Amino acid sequence: MEDGFSSFWGPVTSTDRCEKNYVHSSYIAEFFNTISSIPGILFALIGLINALRQRFEKRFSVLHISNMILSIGSMLYHATLQRVQQQGDETPMVWEMLLYFYILYSPDWHYRSTMPTFLFFYGVGFAIAHALIRFEIGFKVHYIVLCLLCIPRMYKYYIYTKDNYAKRLAKLYIATLFLGSICWLMDQVLCKEISHWYFNPQGHALWHVFMSFNSYFANTFLMFCRAEQRRWDPKIVHFFGVFPYVKIQKPKSQ
């Protein structure tokens with residue numbers, strides 16, 4: 001939404017959200033939509049440190065790094081409102097979902113090399129197509145389909161998990177996804193009305209915050225389930241009694 005200082009980055013060439021542009025700085029187009037991705041970087045860093053410290057499989061380190069890349073891409077996009085930066089936000093979103101797909105389905109996949117090979121070329125093909133073609137609605141539909149493909153497997157993990165703390169993580173994952181989606185829809189659908197309000201609730205920024213928690217809860221739940229599969233005696237413990245993470249005890253042979 002155009003307003004505020006003159007633009008350092010030039011005319012807007014990307015999708016413009018409901019937040020007024022360049023209100024707080026001539027270098028940051030959408031201030032709240034930019035800084036709201038910082039929690040995503042911090043949570044991903046915490047998850048990465050835990051995965052490396054306890055020597056989880058590399059797939060989880062890559063997943064946490066992809067969360068950080070996505071949050072950084074989101075900050076660049078909302079700070080500049082340029083089309084190239086928007087692609088730098090949206091393409092990692094798809095890559096991240098492909099990683100989730102691999103982590104969810106690969107344990108029962110009989111042909112070990114086919115899935116990562118297919119997902120790799122799928123991700124590369126999407127990145128090329130997205131760089132050449134601008135398809136806003138098509139991107140949203142594609143992303144939603146990828147998310148829906150992961151839900152059945154997440155549900156299977158949930159019903160087979162007996163640990164109450166792990167189940168609570170799954171419930172928090174659903175709750176943050178639901179609340180974040182409401183904020184995103186409010187920002188999309190009610191933008192004209194919100195522009196006349198005295199106070200903008202910053203629905204898209206709240207979406208970023210909720211999805212930062214959402215990704216962390218999802219990653220922690222998946223790490224727990226994978227540790228159960230590997231018989232690593234996983235437990236959900238809480239840092240300072242609040243922040244959950246997975247603690248494992250590998251057999252001495254591993």
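Even glycines carry a Cβ here, placed using N, Cα and C.
Unlike curated records, TrEMBL annotations are generated automatically.
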- Using TrEMBL as the reference, determine which range in 205-225, 226-246 is annotated transmembrane segment. 205-225
- Residue list, the transmembrane segment (205-225) vs rest of chain: Cβ under 8 Å, 6 or more residues beyond ends. 19, 32-33, 35-37, 39-40, 43-44, 46-47, 50-51, 56, 60, 63-64, 67, 71, 74, 100, 103-104, 154, 157, 161, 163, 166, 169-170, 172-173, 176-177, 179-181, 183-184, 187, 234, 236, 244-246
- ASN21 (Ca(2+) binding site), Cβ-centred 10 Å count of other Cβ atoms over all protein chains shown, is 20
- Query: Considering only the binding-site residues ASP16, GLU19, GLU30, which residue has the minimal Cα-Cα separation from HIS78 (Zn(2+) binding site)?
  - Reply: GLU30
- Note on the structure: Spacing of the two Cα atoms, HIS208 (Zn(2+) binding site) and GLU30 (Ca(2+) binding site), in whole angstrom, works out to 13
